[in-house]
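Per TrEMBL, the feature compositional bias 'Basic and acidic residues' maps to 1-16. Marked as region 'Disordered' by TrEMBL: 1-23. Sequence annotations record features per position, and here TrEMBL assigns domain 'C2' to 22-142, 181-305, 347-473. Summarising the annotation, TrEMBL assigns transmembrane segment to 618-635, 717-747.
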Amino acid sequence: MQRPPPEDFLLKETKPHLGGGKVSGDKLTSTYDLVEQMQYLYVRVVKAKDLPAKDVTGSCDPYTEVKLGNYKGTTRHFEKKSNPEWNQVFAFSKDRIQASILEVTVKDKDVVRDDFIGRVLFDLNEVPKRVPPDSPLAPQWYRLEDRKGDKAKGELMLAVWMGTQADEAFPEAWHSDAATVSGTDALANIRSKVYLSPKLWYLRVNVIEAQDLQPSDKGRYPEVFVKATLGNQTLRTRISQSRTINPMWNEDMMFVAAEPFEEPLILSVEDRVASNKEESLGRCAIPLQMVDRRLDHKPVNTKWYNIEKHVVIMEGEKKKEIKFSSKIHMRICLEGGYHVLDESTHYSSDLRPTAKQLWKSSIGVLELGILNAQGLMPMKTKDGKGTTDAYCVAKYGQKWVRTRTIIDSFAPRWNEQYTWEVFDPCTVITIGVFDNCHLHGGDKPGGAKDSKIGKVRIRLSTLETDRVYTHSYPLLVLHPNGVKKMGEIHLAVRFTCSSLLNMMHMYSLPLLPKMHYIHPLTVSQLDNLRHQATQIVSMRLSRAEPPLRKEIVEYMLDVGSHMWSMRRSKANFFRIMGVLSGLIAVGKWFDQICNWKNPITTVLIHILFIILVMYPELILPTIFLYLFLIGVWYYRWRPRHPPHMDTRLSHADSAHPDELDEEFDTFPTTRHSDIVRMRYDRLRSIAGRIQTVVGDLATQGERLQSLLSWRDPRATALFVIFCLVAAIVLYVTPFQVVALLSGIYVLRHPRFRHKLPSVPLNFFRRLPARTDCML
């Protein structure tokens with residue numbers, strides 16, 4: 001039996017104070033009810049007017065400074081403007097407030113020393129409290145005061161209130177815990193955002209034939225193929241078997257295209273004039289906006305496209321351009337009936353087809369509360385000490401969310417809540433935690449990548465509906481030196497079902513859209529298309545502001561999961577053994593019955609067997625009743641918590657260091673030749689054992705075939721005679737008698753058994769196989 005994982009790697013159920021504790025029955029009823037309420041002091045600086053000039057030029061360069069205790073935030077400054085508009089929000093966490101007076105100061109930017117213009121003071125005890133869905137607090141004009149408290153020239157429009165993270169000003173606000181971050185780009189990198197994956201289509205290009213091609217060498221048969229390019233994807237057909245100027249192919253090519261369609265499909269007809277030389281016979285560009293969209297299996301109409309080739313010839317001293325126009329016959333369509341796979345189907349978060357017309361109605365809502373993390377490891381060094389600037393990314397369907405970055409904290413508190421529509425319960429949400437390495441010049445060429453801290457997957461079908469799951473998940477990451485716990489993330493999850501009948505009906509439907517079964521794609525096609533889809537998604541999201549970078553998207557989508565790994569191979573082998581262990585246990589139990597290890601049980605089995613033989617109509621009801629009783633019996637031990645990463649199942653805690661080094665090696669390898677040779681020899685020995693097992697299976701199958709093949713004439717003759725006798729006996733003997741005698745013979749007492757193999761087994765092992773014909 002497999003050992004349980006270490007205690008530190010287990011899931012822990014928690015009882016946080018969600019939604020400010022407003023609970024009604026089993027459901028929470030406040031806004032942001034899956035997170036702990038966090039109180040903030042909000043200061044909205046809108047604008048100023050009638051500011052006095054403080055320098056000899058008669059103008060001022062104003063900005064506003066908001067100060068609370070040791071925390072200080074500033075707006076951008078305007079040059080030579082006495083009526084500036086900032087409209088900027090500052091948020092101070094109530095847990096970190098160290099003063100009772102809020103000071104909002106307007107200053108004049110200066111090269112040497114900024115000049116004081118005026119200020120407004122607020123007593124925090126007098127600040128009003130706002131709870132959404134209340135309307136936003138209206139800003140008011142406040143007269144500026146000098147340092148003595150006397151009225152100064154100028155007014156400042158402000159709004160000050162106490163609120164929570166549910167406030168609409170929260171995402172765009174400057175936060176006091178990010179006071180050490182400066183610069184507009186760096187501040188943009190720490191804010192929470194919601195992203196949408198681009199809408200992906202499969203583009204099918206069916207190249208049928210071409211006509212009137214003009215090869216440069218008229219005296220040879222052209223070797224023509226078609227090369228198609230879409231963005232950075234390039235595919236080519238085989239060389240046409242009809243080596244004429246009217247070649248035929250009738251071959252399909254599949255691409256991944258993303259809306260909006262920015263790049264056309266480029267088709268080029270090429271002639272292979274030598275082994276390493278190709279000549280273009282013409283090309284055409286097809287905008288994808290003009291391509292037909294197909295929603296079902298009905299073929300779209302074919303079209304003839306012009307492929308043009310421009311040739312420049314010399315007539316005396318003049319250049320003359322001649323344009324040849326050949327034709328190519330194709331069927332091109334955007335496939336709306338497929339789901340473009342950018343994740344593995346084992347933990348996909350979306351299974352809907354591309355075309356929105358084919359979507360079913362949603363079956364429920366998934367709500368996720370990202371509460372906090374604890375015990376995070378230091379991911380980088382700053383000023384001689386370890387630090388972590390953590391943020392979370394969650395992905396479900398086309399919607400990606402990113403929390404704000406908590407600066408320099410090993411126990412960050414986010415308390416952000418997000419919602420997704422659910423269209424299929426057999427889907428998975430992925431939550432990853434990362435360290436932000438782009439706050440201090442990380443965006444420069446060669447800058448650092450955001451480091452992964454860990455991720456969690458939650459399968460929706462394992463959740464009970466309308467129940468709030470609050471757990472602390474271990475963040476486990478596999479490093480070259482072994483598995484390591486990087487901390488814990490605290491999540492609250494609720495799956496609400498809008499229609500139980502619709503959700504139950506989903507279990508009877510195919511997992512993927514019907515086009516995947518009517519016109520299935522090959523495994524190699526799916527692998528290539530998935531790779532292209534992940535590249536497109538990562539490129540588009542990295543162009544957002546702030547960007548969701550390539551390393552984040554690839555980690556969330558598990559891009560490298562298909563690469564060879566000795567550890568994964570072992571884990572999958574033991575998973576198979578775990579599945580077969582039930583059958584093996586039944587076989588051992590039956591062997592004990594046959595050998596009368598427990599005489600009472602064996603007698604009961606004899607009685608049950610005789611009853612089923614005499615009343616065969618009870619066999620199927622008995623089997624299903626037995627399965628029903630097993631299911632009811634196991635209900636008491638049903639899982640109470642969502643599944644999580646299992647280090648024992650993954651063989652992460654017992655992997656050899658060299659196996660991990662091989663898993664983290666690049667492709668192609670960068671290791672020394674001696675190490676590569678050792679790993680190759682190890683792989684050969686493993687493959688040799690697999691080869692032996694496959695050969696043994698083939699041998700047994702060939703022996704079965706040789707029963708009637710007359711390869712061994714005596715064995716086949718014996719078997720044919722046995723079949724004739726068996727047919728006559730079974731014809732004249734009632735089936736129930738045959739079944740009863742066979743069963744009693746199998747269950748006979750050990751006193752009537754021999755230790756030697758049975759006659760049928762001896763006969764089967766003597767049958768010939770084709771191993772003697774192999775080199």
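Each residue, glycine too, has its Cβ placed from N, Cα and C.
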| For the transmembrane segment (618-635), sequence-distant contacts whose Cβ falls under 8 Å of one of its Cβ atoms, 6 or more beyond its ends | 611-612
| Over the domain 'C2' (181-305), what does the predicted model average in pLDDT? | 88
| said: Give me the DSSP three-state residue breakdown of the domain 'C2' (22-142), ordered helix, strand, coil. | reply: 6 helix, 56 strand, 59 coil
| For the domain 'C2' (181-305), DSSP counts of helix, strand and coil? | 8 helix, 64 strand, 53 coil
